[in-house]
Each structure stands twice: as structure tokens, then as C-alpha cells.
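Novice: Input: one structure, supplied below.
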């Protein structure tokens, strides 16, 4: 059993805490400028939707634009470093990329592996349910 030394006031003396965890510091790799034309949004015809998905605005790059509350913009655009790095996170990793979909992008088919996975999931859930019913009732006694 470990013993603790008691100081004059009845509390254990303070010692520096030693941690065995490593501190990991992320370092940016400087990947260069993102090419906005290769992210899968070229087939979108509506320019407003296309700019929204790319994280751009045709108005915010101008000095005289005003936001919804009436404050004057600074002319940096949506992403201040767009000219330097190419795109914001919306540009290099957009949520909706129809160019990268399959030929039948409007429909989703599971295929054989998907059906087997769903059947396995249903069987596992049924087995768990039957086990719970039997273990909590008089049927298991």
C-alpha cells in the first residue's frame, strides 16, 4: 500500500504531474493552390448554386457590398486567401459533387453485397430480440 507524506497543514505536498501522453502538434504541409475546376462542380448550370457550392460570391469581392445587417464589406470575398490558396473548404471539399457521381447518379442500387449486408443486419437484430425475450421471460427457465 502506498503511503503519502503529510505536510504541515495536513495536505499532501504538491509535485509536478508527469504525464505519459505525447503532445502532437499538426503541421501544415503547404499543399499549394487548389484548382477549383477539378472538384466536380462543372456540370452545375445555375451560376448562383455553383458559386455557393464552391464557396465563392460575385458580390463580396467588391468593396462596396453590404451584408444583411447593413455593415460595409472589406472586399476580401467569402474566403480571404482565395487568391493565395485557391479555395476555402467549400471549394476543395464540397458537399455536393454531381460530376463525381456514377452514370446513374440519380438512383442508388445496393447490389448483391449490399443485400447480403442488410440481411445479416436483420438476422442479428432478430437474434438479439429473441434472446432478450427468452432471457427476460419464463420461457428461458
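In case you wondered, yes, glycine gets a Cβ from its N, Cα and C as well.
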Novice: Among the residues 43, 57, 135, which does Swiss-Prot list with the feature phosphoserine?
Specialist: 43
Novice: Among 37, 102, 112, which is annotated phosphothreonine in Swiss-Prot?
Specialist: 37
Novice: Which of the listed positions, 34, 109, does Swiss-Prot note as phosphothreonine?
Specialist: 34
